[in-house]
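Taking it in order: structure first as structure tokens, then the write-up.
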Ligand SMILES: *Cc1c(COP(=O)(O)O)cnc(C)c1O
């Protein structure tokens with residue numbers, strides 16, 4: 001069986017065509033069952049006893065995070081998602097409240113930065129919003145910010161950002177780097193970035209349950225009171241078990257194989273959809289991600305098109321409004337983000353449906 005066949009056989013059949021993994025992937029039977037089994041165990045032996053019994057499964061999840069990030073001695077915490085992790089980090093931050101990030105920073109991240117009182121400066125980018133690593137090196141050296149927040153892959157385009165390069169510059173300057181890998185984890189190679197903190201969501205490319213995520217930090221980065229609070233806060237242990245299992249499945253499938261297949265899927269999607277009914281693909285065909293962004297033809301509203309694709313063709317895509325990346329986006333778009341199991345026939349069906357619903 002191919003990786004794609006295995007992935008498909010491991011989960012319930014989709015009602016239609018699901019090309020929306022950047023929003024929320026489809027969980028496997030085993031992951032769904034693991035979360036449910038934990039809830040049953042809580043009812044049988046008690047919630048705190050069940051949590052203790054799940055210790056090894058959760059430790060395996062934490063170990064997978066360390067392996068996939070290359071942060072071998074990191075403290076790994078389960079969170080309720082990426083935004084929760086960022087809020088924990090910024091709330092706890094003891095330095096000056098100023099940070100540098102990309103102009104394409106995720107809108108909800110900017111809102112958390114503002115709420116936590118951070119002044120935001122932007123890193124230099126090229127015409128497609130990709131970091132200009134050389135210029136960034138010069139600017140960061142000339143005026144090092146107290147913190148760099150770097151989103152390795154945005155929510156609004158499939159442009160892969162050079163995280164290793166920026167982290168290396170920051171390491172030389174002694175500037176801590178936080179990596180938002182909500183779209184990168186389980187998708188891109190995240191090992192060896194060399195971050196001080198790294199966080200992601202569960203439901204996106206690793207296909208775990210909704211409402212959970214992970215935060216990995218260099219030992220000593222978080223203050224003691226925050227670490228104590230994280231250890232005591234009420235959490236949904238069953239979903240952490242599900243997430244740990246999804247990480248186990250990802251590791252078992254082979255991270256390099258998964259990442260290679262996702263690159264292939266990205267290229268196939270862009271090839272299938274480029275120019276269909278006047279929609280323009282934003283990324284170069286071989287951009288190494290599985291996120292394809294479609295810019296609408298003049299006068300076409302991507303929100304309406306997304307709704308009609310669901311209602312009339314059972315095809316799930318994402319509408320990208322300007323709030324996704326308010327400092328960079330100038331017009332709304334449509335995102336198509338299949339997982340490893342997408343077929344050429346499905347991509348052809350998406351192209352056909354897009355043609356049918358574009359006025
Ligand atoms: C989805 C997303 C987030 C937020 O993740 P949650 O788990 O919903 O909090 C943050 N950053 C990026 C780039 C995202 O795509």
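Each residue, glycine too, has its Cβ placed from N, Cα and C.
Keep in mind that what you see is a predicted model, and the values were worked out from it rather than measured.
For 18-224, the entry in TrEMBL reads domain 'Aminotransferase class V'. Looking just at the domain 'Aminotransferase class V' (18-224), the mean pLDDT is 98.
Annotation for residue 204 (N6-(pyridoxal phosphate)lysine): spatial neighbours 21, 22, 23, 24, 25, 182, 183, 185, 186, 187, criterion Cβ-Cβ under 8 Å with sequence separation of six or more. Feature annotation from TrEMBL assigns N6-(pyridoxal phosphate)lysine to 204.
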